[in-house]
Amino acid sequence: MKGLKGLLVLALGFTGLQVFGQQNPDIKIEKLKDNLYVYTTYNTFKGTKYAANAVYMVTDKGVVVIDSPWGEDKFKSFTDEIYKKHGKKVIMNIATHSHDDRAGGLEYFGKLGAKTYSTKMTDSILAKENKPRAKYTFDNNKSFKVGKTEFQVYYPGKGHTADNVVVWFPKDKVLVGGCIVKSGDSKDLGFIGEAYVNDWTQSIHNIQQKFPDVQYVVAGHDDWKDQTSIQHTLDLISEYQQKQKASN
């Protein structure tokens, strides 16, 4: 927890990030650490344009993509951009929960020949909704090694959804929070139609306890560079619960 509380000062380090020029204005790629990149895609929800963030890792075997661009119209542009920059193909895709901004690319990546993964819980939800599913599934927690690169998928508990997981890159000390972590500029909890707000706080604490030495947190939407996102998420949950209590 101590490491997470000190993340604010690290925001200054983002001024040196390398931003790549993309042909598609709805895709932005920024280098975060060594071979780890944050990609941001944009889409419209209920008339408002939002940014969705995720990451990809360039390994000696190929590229590992966490989640997917938000919208089918961006899939090919995204993979073309990766090949143009790195000369490598996507070999693995992992969805951090069942929503389209995370699992929407499973079918596309699978057709490219990439190994696609999700938790069994996410797979069950996708099956019920008759949506494309990952080829491989696993229980809530799993460690991966691709070439020389190691990373871990961790299920902290319910929050934004029942099935949300985070991804930890230990060498770079980067936590991909997905949608269970709200950005520092979020005004509220966002879409909570499938949320478990009463469980969310404990799930965030589980993340803090599991990964006490995080240096960078990539929130699922909007400004991922604001490293107050973990604490801000807790604050937003508390505010929501207080409002609910006052209205009852």
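Quick reminder: no glycine exception, Cβ is built from N, Cα and C everywhere.
What Swiss-Prot records for 1-21 is signal peptide, and it gives similarity to another entry as the kind of evidence.
Neighbours of His99 (Zn(2+) 1 binding site), defined as other CB atoms within 10 A of its CB across all chains, total 24. Among the features that Swiss-Prot reports, Zn(2+) 1 binding site is placed at His97, His99, His160, with the record citing similarity to another entry.
Positions annotated as Zn(2+) 2 binding site by Swiss-Prot, on the basis of similarity to another entry: Asp101, Cys179, His221. Long-range Cβ contacts of Asp101 (Zn(2+) 2 binding site) within its own chain (separation 6+, distance under 8 Å): Thr41, Asn43, Ala52, Asp67, Ser68, Trp70, Cys179, Gly220.
Residues annotated as substrate binding site in Swiss-Prot, with similarity to another entry given as evidence: Lys182. The Cβ neighbour count for Lys182 (substrate binding site), using a 10 Å radius and every protein chain shown, is 28.
For His221 (Zn(2+) 2 binding site), the number of other Cβ atoms no farther than 10 Å from its own Cβ, over all displayed protein chains, is 22.
Taking a C-beta cut-off of under 8 Å and a sequence gap of six or more, His97 (Zn(2+) 1 binding site) has these contacts in its own chain: Ala103, Thr122, His160, Thr161, Asp163, Asn164, Val165, Gly178, Cys179.
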